[in-house]
Amino acid sequence: MNKPDALTLVIFGASGDLTRRKLMPALYLLYKAGRLPRRFAVLGMARTSYDDDRFRTSIREGLLSFVRPDEVDEKAIHAFLSCLHYLSADPSKPEAYAELRIRLEEIDRTIDNPHNYLYYLATPPLLYGVIPRHLKAEGLNRDGDGFRRIVVEKPFGYDLSSALELNRIYLDAFREEQIYRIDHFLGKETVQNILALRFANSVFEPLWNRNYIDYVEITAVENMGIGTRGGFYDGVGTLRDMVQNHLAQLLAVTAMEPPAAFDASGFRNEVVKVYQSLTPLTGEDIRHSVVRGQYMASEGRKGYREEEQVPTLSRTETYLAMRLELNNWRWGGVPFYIRTGKQMPTKVSEIVIHFKPAPYSLFRCEGGTCPVPNRLVIRIQPNEGIVLRIGMKKPGEGFEVLPMDMDFSYAELGRLPTEDAYARLIEDCIAGDPTLFIRSDAVESGWRFFDPILKYWQDVPECPLYGYPAGSWGPLEADSLMARHGASWTNPCKNLTNTHLYCEL
């Protein structure tokens, strides 16, 4: 895949929060590093009544707020802003796309662009099915002397039927290789490093199976509530917002088979196989294997139903924990526990691999737990790194074994893994590399597993929605979910190497 010499990036929803907070800082970092095409322009399109100058002023304010201070370079910002243009038009209206074509042709002449266009949908999901149809009607979808690519944010679909319909709309307007369904978790260095840890180290891969692993837990939690997103969030919930996409991707990279090659086809084929291997949950399976919760007011923090634009009797989940199993040779009988939630004690994402204990203990163990099970913690954020727990002889007389941690921190490499996830993924889009993007069959396979859960909640209103105090680790029922199988959650600290003796949150 090669970077083109010229490109126009069209951002639909350019006056919105995603553009200011994520896309423009990522583009600025790429521009500053010389990683964008030599002849490059951005055309923002939204209903907001901006002109080019007002748009640039807004983006400048965003860069100063959301780019790290050590990355701020006034000369680079000024040069970057000169690449930005704006079209005040409603993306939901078909007549806006004739205006879009005219502006694109003007910009093409200015930067000598052979009609290479990358369309980015930073809009509400309501427009995901509208924009590709209007692009097609105006003939802006077809590759000609240049390429056309389209990037769409999660959630891709509200349920299985809407995901199938969205795929139909996109594949009617674009070919699969033109469509980039983005999940920024796959742009994180630490997520990509899971693949390197597994497949570049012969010490781990032979153990990465049902013979040696007892269970796996995947956690991605936040210490904040929904803020001002109540109107959006209440119609979505945690399963759609986090589980069906982000946590499903973490599950895939943890459980997948080695791809034949690390390219778009090889990697994405294995992701689909993981989703297709998930043991379906139906009826009472859902009641016993899925715990949903909603945060309540506690210690000065609002409850979910007290947030702005949230109905007072809302049954939308802000927490979800579930037990999954994979029907395949590698993972048969190994439970995967995943959880995510708002208003947790800390913000952290990590994967914990719990290895089976040694079959027989020769030694006494501290605390009476013998033998000490090995545990591998892969911290995705913050304080990114890896910790391997092993049993070591306690100094002194006798042979008492105690758990010790061997740790690696990305900080030891001289710098944190601060490569912006959006920057990495946008650069891949520009180069035409879809490896880290979601293919249509993966979207459908994922929804085929999660859709019955949503339908069960809808059809069985008495299915429990447990309250949990804001600032806690979630409903007690989530602990029971693991305890009845002899497992327990690893409630992580903010710092990777904190222990039970000291835990900063």
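Glycine too: its Cβ is placed from the backbone N, Cα and C atoms.
Those TrEMBL annotations? Automatic predictions, nothing curated.
Keep in mind that what you see is a predicted model, and the values were worked out from it rather than measured.
Annotated domain 'Glucose-6-phosphate dehydrogenase NAD-binding' per TrEMBL: 10-193, in sequence order. Taken from TrEMBL, the feature NADP(+) binding site applies to Gly13, Ala14, Ser15, Gly16, Asp17, Leu18, Thr19, Arg20, Arg47, Lys154. What TrEMBL lists as substrate binding site is His184, Lys188, Glu222, Asp241, Lys342, Lys347. As annotated by TrEMBL, domain 'Glucose-6-phosphate dehydrogenase C-terminal' applies to 195-489. Look at TrEMBL and you will find His246 tagged as active site, proton acceptor.
A map of TrEMBL features onto the structure.
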residue: Gly13; record: NADP(+) binding site; DSSP class: coil
residue: Thr19; record: NADP(+) binding site; DSSP class: helix
residue: Arg47; record: NADP(+) binding site; DSSP class: coil
residue: His184; record: substrate binding site; DSSP class: helix
residue: Glu222; record: substrate binding site; DSSP class: coil
residue: Asp241; record: substrate binding site; DSSP class: helix
residue: His246; record: active site, proton acceptor; DSSP class: helix
residue: Lys342; record: substrate binding site; DSSP class: coil
Separation of alpha carbons, His184 (substrate binding site) and His246 (active site, proton acceptor) (Å): 8
Nearest-integer angstrom distance between the alpha carbons (Cα) of Lys347 (substrate binding site) and Arg47 (NADP(+) binding site): 34
Spatially closest candidate among Gly13, Ser15, Thr19, Arg47, the listed binding-site residues, to Lys342 (substrate binding site) (Cα to Cα): Thr19
Other CB atoms, at most 10 A from the CB of Asp241 (substrate binding site): 22
Long-range Cβ environment of Gly13 (NADP(+) binding site), under 8 Å and at least 6 residues apart: Thr19, Met45, Ala46, Pro91, Leu121, Ala122, Thr123, Pro124, Leu127
Nearest of the binding-site residues (Ser15, Asp17, Arg47) to Glu222 (substrate binding site) - Cα to Cα: Asp17
Fewest other C-beta atoms within 10 angstroms, as judged across Ser15, Thr19, which are the binding-site residues: Ser15
Residue among binding-site residues Lys188, Lys347 with least C-beta crowding, 10 angstrom cut-off: Lys347
Least surrounded among the binding-site residues, given as Asp17, Glu222, when other CB atoms within 10 Å are counted: Asp17
NADP(+) binding residues Gly13, Ala14, Ser15, Gly16, Asp17, Leu18, Thr19, Arg20, Arg47, Lys154: largest Cα-Cα distance, in Å and rounded to whole number: 22
Which of Arg47, His184, His246, Lys342, the listed recorded positions, has fewest other Cβ atoms within 10 Å: Arg47
Where the record names His184, Lys188, Glu222, Asp241, Lys342, Lys347 as binding substrate, the maximum Cα to Cα distance in Å: 21
Alpha-carbon spacing, Asp241 (substrate binding site) to Asp17 (NADP(+) binding site), which is rounded to whole Å: 17
Alpha-carbon spacing, Arg47 (NADP(+) binding site) to Lys188 (substrate binding site), which is rounded to whole Å: 32
Pairwise Cα distance for Ser15 (NADP(+) binding site)/His184 (substrate binding site) [Å, integer]: 20
